[in-house]
Ligand code: XMP
């Protein structure tokens, strides 16, 4: 069987489980391209995707509830292997003539499956007792298999922990192979995509770069492309990728809004313009942003002003350029999934994180989005493979409005200058102590209040700096990082000694929820 990076692909149908995205990531980690569609994708969409296998995700519903999500008919008719996970297994069973019932008890947590028949799916999963540790999370369970299926593993409370109909290549598991709590989850996913679906392990940085460059060259031809470069991971990777694909047909505009970290503007120019030879126009717009922000204290109003000014400055620079046909953007796959969900009205906005609205009508460019189908970890690996320094790629996230939301209340240059130095000291010490990589995000926050201190024989009446460091995986919830007191001591002493305008440093001990990560 010939293997091909563009045709070896797995479709994941999402029935609403919190783990659905993880399935897509695990399949990609196994070296196979995958995409996630909503369970009610049309038969035509499913056929057009031309998957070599389909995975049906878990979901919160019960198959017998009114209007419960159904597996589209095309899924059974395509003739490709199927793997149903949890709800996916139950729905498959019910639709193929088996029986699913409400369990007496909900099963949630670790379980050991007894493997009675190591079919292709469970190959190499069993330990010396023919068992394997898995993660369960379900209420309903399959109580009678559909015709053609036979049981392959069970637990004391779940007679059909997994089952298969190998003649049709239909497989089902009640447990969740995509979560790390399932010991051999990776093996199961790999068994499915490789030995059952016949996909090769082709989805890796080197091949993705080669494929993307070819696609970009085809899409762009000899035209000119414009990119808004922020110095963040996504736009940096887009810049490096486009530069490889189309060389000097790429022009980047870097808007320095005066709310960046210490020396960040110079570093971006050094990295992209000097080291990589990319054409970057730096728009120094500090005064303009600060003027627009003068007197404004409301966080949402500040975000909107920063977003609006960005668009204006960027548009002015774009209008100075001739012959641009395309606008490149660093949209990544989770953005695509999230915006599809919010269109269904499921999102609840706590802070407006949409930094950039659309460009004005006179700048009607076609879009180039070379990262649109990639997860963040894939984008990072691509960045490293493209030669962007590791420390830029594995940097903590930095919000679009920058220090604008880390200076509480009104933003002033004096405050931003103090905050930049304090933040830099904090980062230096986190890196030196090895804590930078143990925290997901850390930064200093400027408090526009004065506090009394004493220096030598004198009294100091100066500003307060708060330090914030959090541990989190998804940024939806976060725990304040338990930094060692000695480290906090060293950081606060340095900040107060090295910045005469700071008289006090405090450490933020709030977790999210109820606090958010940023202070505004
Ligand atoms: P919160 O403060 O909501 O932050 O707990 C969660 C994550 O989002 C980042 N954040 C932003 N990012 N524009 C951005 O691009 C924004 O306006 C914004 N506000 C918060 C924050 O840094 C954290 O990583």
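Just so it is clear, glycine is given a Cβ too, placed from its N, Cα and C backbone atoms.
Not measured: the values here are computed from a predicted model.
Copied over from TrEMBL:
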type	residues	note
ACT_SITE	86	active site, nucleophile
ACT_SITE	176	active site
ACT_SITE	178	active site
BINDING	230, 231, 232, 233, 234, 235, 236	ATP binding site
DOMAIN	203-395	domain 'GMPS ATP-PPase'
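Closest to residue 176 (active site) in space, going by CA atoms and restricting to the binding-site residues 231, 232, 233, 235, is 233. The highest number of surrounding Cβ atoms within 10 Å, among the binding-site residues 230, 235, is found at 230.
Of the chain residues outside the ATP site list 230, 231, 232, 233, 234, 235, 236, 229, 237, 238, 330 have their Cβ within 8 Å of the site's Cβ mean position. Within 10 Å of the C-beta of residue 233 (ATP binding site) we count 23 further C-beta atoms, all protein chains included. A Cα-Cα distance of 30 Å separates residue 236 (ATP binding site) from residue 178 (active site). In the structure as shown, the Cβ atom of residue 232 (ATP binding site) sits within 10 Å of 16 other Cβ atoms.
DSSP assigns residue 178 (active site) to coil, not to a helix or a strand. Note on proximity: among 231, 232, 234, 235, the binding-site residues of the record, the Cα nearest residue 178 (active site) is that of 234. On the 0 to 100 pLDDT scale, the model's mean across the domain 'GMPS ATP-PPase' (203-395) is 93. Sequence-distant neighbours of residue 234 (ATP binding site) (same chain, 6+ residues apart, CB-CB distance under 8 A): 330, 331, 332, 371, 379. Comparing residue 230 (ATP binding site) with the residue listed as 'active site, nucleophile', their Cα atoms are 42 Å apart once rounded.
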